[in-house]
Structures are given as C-alpha cells and as structure tokens.
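According to TrEMBL, the protein has these features:
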DOMAIN    62-371  domain 'YjeF C-terminal'
BINDING   G175, N228, V229, N230, E231, Y232, K233, R234, D297  (6S)-NADPHX binding site
BINDING   268-272, 287-296  ATP binding site
Amino acid sequence: MVLMKHVMSSQQLSLLSYANTCMLMASSSVYRRQQFLIRSLGGGIDHSRNMQQDLRSVEVDAESVIRSITPALDPTRHKGQAGKIAVIGGCREYTGAPYFAAISALKIGADLSHVFCTKDAAPVIKSYSPELIVHPVLEESYSVREEDKKTISRKVLAEVDKWMERFDCLVIGPGLGRDPFLLDCVSEIMRHARQTNVPIVIDGDGLFLVTNNIDLVSGYGLAVLTPNVNEYKRLVEKVLSSEVNDVDATQQVLSLAKKIGGVTILKKGKSDLISDGDTVKSVSIYGSPRRCGGQGDILSGSVAVFLSWARQHIIAADPNSNLSCKNPAVLGCVAGSAMMRKAASLAFCHKKRSTVTGDIIECLGESLEDICPAT
C-alpha cells in the first residue's frame with residue numbers, strides 16, 4: 001500500500017513536471033517557432049489567414065503580358081487601328097500634364113492622340129508638339145457668366161460627344177484643375193463615356209472629382225483609377241471609412257475596388273498593386289529613385305494605350321493567347337506600370353539626378369522594343 005502511494009505520487013510528480021514544462025515552452029521562443037513551423041507545414045491552419053497570405057503572392061509576368069497584347073506592325077492596317085486616345089485636361093495653370101499623357105500614348109504606339117483643354121491652355125499645349133490634336137473647348141468659371149453656364153455646358157459636351165465614339169480610351173484628369181464649372185462639365189463627359197462604353201483612365205484632378213462623386217465610376221468595369229499615396233488615402237477614407245493599411249495593403253486594395261463596384265485600381269508605390277475586386281496583381285520591376293513630377297501622367301497615357309490593345313486582343317479571341325486574366329483594364333495597368341518603370345530605369349541610367357519626365361518619355365520606345373521587337 002505504501003509502495004502504491006509512492007508510485008502514484010511519482011506519477012503525479014511526473015504529470016506536474018510535464019505541465020510546468022509545457023507552460024514554460026508556451027512562453028518561450030522555441031515553442032513559438034515550433035508553432036510557426038507547424039502552421040507553415042499545414043498544421044493548425046487558419047484558412048482566412050492563409051487566404052490573405054496567398055493574396056500577397058501576386059507578382060505578375062508583366063513582360064509576357066506586354067508581348068501578348070501589343071499588336072504587330074502590319075502594313076495592311078490603317079491609321080487609327082493601333083489606338084485613338086483622348087486626354088481630358090489642361091487649364092491655365094497646368095499645361096504640362098496633359099501633354100505628357102498624350103505624347104506618351106503616341107510614344108507607346110497609339111496612332112492618334114487628342115487633348116481637350118481650356119482655351120487658355122490650348123495654344124501652349126499646341127506649341128509643345130505638332131503631333132497632338134488639341135481642342136480648346138473646355139471653360140472655367142471665370143470666363144462664364146452665371147446665366148450662360150447651362151448653355152456653355154451643353155456646347156462643351158456636344159463638342160466632345162461628337163468625337164466620343166472614335167476614341168478607344170479617355171484619360172481624365174491630367175492638368176484638369178479644380179474649377180467647379182469645369183469639373184461639372186467633365187462629370188457629364190464621363191457619364192457619356194460610360195453610355196458609349198469607352199474605357200476611362202482617371203488620374204490627377206480627375207481622382208479629386210471621382211473621390212467626391214464615386215457614382216461617376218461605380219460599377220463601371222472599364223474605369224481605371226491610378227492614385228498616388230495621398231490620392232489613395234483620400235479614396236480609402238471616403239469609400240471604406242478607414243485608414244490606409246500598409247500591413248495588409250493587398251487585401252485593402254481588393255476591398256476598395258470591390259466596394260466601388262469592380263473598377264480597376266492601380267495603387268502606385270514601391271510596388272504597384274492592381275486590383276479589379278476579384279484579383280490582385282503586383283508589378284515590382286525596378287524603376288528609378290528619381291521622383292520628378294509628371295511620371296504619373298506618363299503612366300496614365302501608357303495604361304490607356306495598353307488597355308485599348310488588351311481590349312482588341314480579347315475581342316479578337318486569339319486562340320494562341322496564354323493570358324489567364326481576361327480583364328483588359330487589369331492587363332492595361334500591368335503593362336503600363338511595367339513600361340513606365342522600365343523606361344524610368346533606362347532614363348536614370350543615362351541622366352542620373354538630372355532625369356526629368358521628358359527623358360523618361362524618350363525611353364518609352366526603346367523600352368517597348370526591348371520587350372517586344374517591332375520586327
């Protein structure tokens with residue numbers, strides 16, 4: 001009996017010792033590393049957490065996308081078939097941004113590039129390049145009497161509308177400014193673009209307009225928003241009523257695109273994140289440490305061209321296409337982001353600290369040729 005008690009006491013002591021050991025391990029770094037290893041190998045899986053981790057693995061083969069959607073240079077094609085792009089922007093203060101966007105579209109390979117701007121901006125933009133077709137049709141409040149606003153607004157819309165069906169994509173916002181009357185006119189232009197199923201890429205002051213009137217793009221799958229850090233912050237606060245989450249940026253951009261109704265968002269940053277609410281892509285090709293103004297305008301013009309090419313590629317239903325993504329807006333963003341980064345890197349190699357936007361534009365052709373040779 002004494003022996004039994006002694007044995008039982010030993011068992012109890014052993015159990016107590018084991019329990020203490022477990023408690024010590026639970027508080028130790030060894031235990032935490034063991035649990036991390038178990039989770040990594042599939043044990044104790046938190047499925048929602050794994051889904052979020054999977055979302056982070058989104059790097060896309062951007063150069064393959066570019067090669068797939070860039071049309072061949074065919075002598076049987078006629079002017080306009082490689083793309084007709086229109087930029088809606090340009091006012092007294094800002095004439096460089098619409099020029100950068102429009103000329104970038106041409107340098108990528110679009111056949112025709114238009115700019116619809118205010119009357120004050122038109123002569124300046126025309127003087128930058130004879131390659132652009134400039135329409136001095138937009139008006140600002142200072143030049144319009146209150147009693148004439150409705151009449152002028154109808155005239156502006158009619159002038160843009162007669163060209164609308166010819167365009168493969170609109171770029172809205174570069175150098176637009178924030179004049180209330182001008183923004184009202186551009187809002188109507190955007191509504192008409194939706195009605196005629198014309199894709200729209202929105203940047204700069206166009207994002208200011210959209211952030212304050214989400215219905216302009218909500219539910220429109222051919223709309224692309226290209227926010228920088230501050231523009232993205234305002235969008236997140238407006239749409240999601242939250243702060244920017246850099247820790248789970250992939251999930252947040254997915255939620256934002258979904259909440260706006262399937263528009264495509266290109267969140268600019270160290271890595272560009274692209275989402276249409278269903279998927280997330282990342283482009284991390286090294287660009288340039290030089291952050292001169294105007295690079296966003298190059299991007300918007302580039303995305304417009306690639307979006308129009310991707311749309312043509314998908315409509316043609318090429319049986320040899322190896323593209324898993326069938327959203328032309330996402331494909332256009334992937335290609336435009338990669339092209340901008342590659343050109344910026346090339347320009348920086350040549351110019352270093354003195355690199356400016358014009359230098360990057362001049363490298364667009366060489367960058368595309370390197371990925372997708374014309375011959």
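The backbone N, Cα and C atoms fix where each Cβ goes, glycine too.
Let's see these features in context: how buried, what's close, how far.
For K233 ((6S)-NADPHX binding site), the same-chain residues 6+ apart in sequence whose C-beta sits under 8 angstroms from its C-beta are V244.
Taking all protein chains in view, 22 other C-beta atoms sit within 10 angstroms of the C-beta of S288 (ATP binding site).
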Relative to the Cβ position of R290 (ATP binding site), how many further Cβ atoms are located within 10 Å?
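For R290 (ATP binding site), the count of other Cβ atoms within 10 Å is 18.
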Based on Cβ atoms within 10 Å, give me the single least packed residue among the binding-site residues G175, G294, G296.
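Minimum Cβ neighbour count within 10 Å, taken over the binding-site residues G175, G294, G296, occurs at G294.
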Pop the Cα-Cα gap between G175 ((6S)-NADPHX binding site) and S288 (ATP binding site) into the table, whole Å please.
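The Cα atom of S288 (ATP binding site) is 23 Å away from the Cα atom of G175 ((6S)-NADPHX binding site).
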Rounded to a whole number, what is the top Cα to Cα distance in Å among the residues the record ties to (6S)-NADPHX, namely G175, N228, V229, N230, E231, Y232, K233, R234, D297?
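Overall maximum Cα spacing for these binding residues reaches 20 Å.
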Would you identify which of the binding-site residues E231, D272, D297 has the most other C-beta atoms lying within 10 angstroms of its C-beta?
D297
Checking the binding-site residues K268, D272, R290, G296, which are within 10 Å of V229 ((6S)-NADPHX binding site) at the Cα level?
K268
Ranking the binding-site residues K268, K270 by other Cβ atoms within 10 Å, which is at the bottom?
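Across K268, K270, these binding-site residues, the one with fewest Cβ atoms within 10 Å is K270.
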